[in-house]
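The next block holds one structure in the form of structure tokens; read it before the comments.
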Amino acid sequence: MRSARSTALNRGEQRAVRYYSHMKLNMAEEEDYMSDSFINVQEDIRPGLPMLRQIREARRKEEKQQEANLKNRQKSLKEEEQERRDIGLKNALGCENKGFALLQKMGYKSGQALGKSGGGIVEPIPLNIKTGKSGIGHEASLKRKAEEKLESYRKKIHMKNQAEEKAAEQFRMRLKNKQDEMKLEGDLRRSQRACQQLDVQKNIQVPREAWYWLRLEEETEEDEEEKEQDEDEYKSEDLSVLEKLQILTSYLREEHLYCIWCGTAYEDKEDLSSNCPGPTSADHD
């Protein structure tokens, strides 16, 4: 009886132990942010800072080592030949050179120009060693084409500038001609107005020519037919504004002793010729 009871008790204890162990395992799998283990992990951040400094220091040493290796790198045969050639070209020939000694015997002096007149070159012709894979004359051809292209571009720019200057000059001439034409028309209207006033003062009721007087902008219906006839006569006149101004100016000076640019009616011809600069607008500038 006792053995059976103890056996059952042992089995119950074993089940309890297994259940308790299982519960502890489940609790361990869940994160406890208030546990010491989690706090210790957070506090382990500080030891990482020295590690970063060590990494940076290692990288700095590696870079210095690479620079030192680059400086101490053995030069290639091509680089050594280039250096020796440059040094040799920079140094002048000495008396130990047979060719130079022969030139000295012939009267040549160091630093003297070649040629009988002494107008030749002083420095030797530089060596241009070809290093590319292109054919002979290819680089010169490319250079010539580039120069031709540049020259063509310059010519186009020059022609464009000339065309722009010509267009600007033509515009200025047209503007000047327009201004001159407007000035002539203004002088002609002033002459017509003065001619009409002076003719009326002398009881001249009809102008010598229809265009000697200004035309009225508003006329009565009774004068419509006469206006049309006058317009036909006016249009038949084949005279420019300048020609009309010259004719009317001459009429005013001879008939009324008047100059529109002076704005004065003179006493006689002698007074007119003595005090008036001339019969044109340019004479009064």
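Glycine is treated like the rest: Cβ placed from N, Cα and C.
Keep in mind the model is a prediction, meaning the values are calculated, not measured.
The coiled coil annotation in Swiss-Prot covers 51-87 and rests on sequence analysis. Proximity of distant same-chain residues to the coiled coil (51-87), defined by a Cβ-Cβ separation under 8 Å and at least 6 residues beyond the stretch ends, is recorded for 127.
Annotation comment: Swiss-Prot describes 218-235 as compositional bias 'Acidic residues'.
The domain 'G-patch' annotation in Swiss-Prot covers 95-141.
According to Swiss-Prot, the phosphoserine annotation covers S141. In three-state terms derived from DSSP, S141 (phosphoserine) belongs to a helical segment. The local packing around S141 (phosphoserine), expressed as other Cβ atoms within 10 Å of its Cβ over all shown chains, amounts to 11.
Over all protein chains present, the Cβ of K149 (N6-acetyllysine) has 10 other Cβ atoms lying within 10 Å. Look at Swiss-Prot and you will find K149 tagged as N6-acetyllysine, backed by a large-scale study or a structure entry.
Marked as region 'Disordered' by Swiss-Prot: 59-84 (among others).
Positions annotated as region 'Disordered' by Swiss-Prot: 218-237 (among others).
K149 (N6-acetyllysine) sits 12 Å from S141 (phosphoserine), counting Cα to Cα. Counting residues of the region 'Disordered' (59-84) by DSSP class, helix then strand then coil, yields 21 helix, 0 strand, 5 coil.
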